[in-house]
Amino acid sequence: MRRLVIAGNWKMYKNNKEAVETLTQLKDLTRDVKNVDIVIGAPFTCLSDAVKIVEGSNVKIAAENVYPKIEGAYTGEVSPKMLKDIGVTYVILGHSERREYFKESDEFINQKVKAVLEIGMKPILCIGEKLEDREGGKTLEVLAKQIKEGLVDLSKEDAEKTIVAYEPVWAIGTGKTATPEMAQETHKEIRNVLAEMFGKDVADKMIIQYGGSMKPENAKDLLSQEDIDGGLVGGASLKADSFFEIIKAGN
């Protein structure tokens, strides 16, 4: 039985004071949650205090990016070791916004995945297709490429520690929505690709999150699908009460 992992992605929102306030509320709200792993992805400037606030709770902290070197002359970058040293548990990688705005390639994302695993943290690898891919019938082709190139050369053991987050980029901010059944169909295809790479036993243990505008109103229907093992939540994670409603749907 796979355990649900529900992660919030705060993106470039919240200063340190706001982050501390929201996490304090979330920690209090979720103290009795037993069946869901809770993660918050916060901006770099908030991470150190975020880790301290949630210590001893069932909330873990994720970084939203990393550079795939332990140290060096890489001005402006943050290394996996720096994140690990302050107590970060997860790192969100390959998000559609980073692929779009910063032109991150699957090869570069794969380097980050390996660097995060090597230091003992858990990667959340984001994959997803655009509207033109969806309408052109290329969904599986695009996702399979992102998975195969993003997770190339991983051992089965490391694959099991890796979370895959499916973001239907075509459904974010376009007014188009994926039904729970459509999301399930794609998640099943993703698991089949993972099974090709790592074997069915490993694929059946891997967490596949849904990242297509999960909200309190649709969370229960999405999380009840067989191959949806949690969510990567954007806007609805910015307020503790709305994020908690999603967590309750999974719990």
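Residue numbers in this text run from 1 along the chain shown.
The backbone N, Cα and C atoms fix where each Cβ goes, and this holds for glycine too.
Here Swiss-Prot flags Asn9, Trp10, Lys11, Gly173, Ser213, Gly234, Gly235 as substrate binding site, drawing on sequence analysis. Among the features that Swiss-Prot reports, active site, electrophile is placed at His95, with the record citing sequence analysis. The active site, proton acceptor feature in Swiss-Prot is assigned to Glu167; the stated evidence is sequence analysis.
Annotated features, which come from Swiss-Prot, shown on the structure.
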residue : record                       : contacts (Cβ under 8 Å, 6+ apart)
Asn9    : substrate binding site       : Gly41, Ala62, Glu64, Ile92, His95, Gly211, Leu232, Val233, Gly234, Ser237
Trp10   : substrate binding site       : Ala19, Ile40, Gly41, Ala42, Pro43, Cys46, Glu64, Ser237, Leu238
Lys11   : substrate binding site       : Pro43, Glu64, Glu97, Gly234
Glu167  : active site, proton acceptor : His95, Ser96, Cys126, Ile127, Gly128, Gly211, Gly212, Leu232
Ser213  : substrate binding site       : Ala171, Ile172, Thr177, Gly234, Gly235
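In three-state terms derived from DSSP, Asn9 (substrate binding site) belongs to an extended strand segment. Cβ neighbour count for Gly235 (substrate binding site): 16 (other Cβ atoms within 10 Å of its Cβ, all protein chains included). DSSP assigns Glu167 (active site, proton acceptor) to coil in the three-state reduction, placing it in neither a helix nor a strand. Counted within 10 Å of its Cβ, the other Cβ atoms near the residue listed as 'active site, electrophile' come to 27, all protein chains included.
DSSP classifies Gly235 (substrate binding site) as helix under the three-state reduction. Within 10 Å of the C-beta of Gly234 (substrate binding site) there are 23 other C-beta atoms, taking all protein chains into account. Secondary structure at the residue listed as 'active site, electrophile', as computed by DSSP, is coil.
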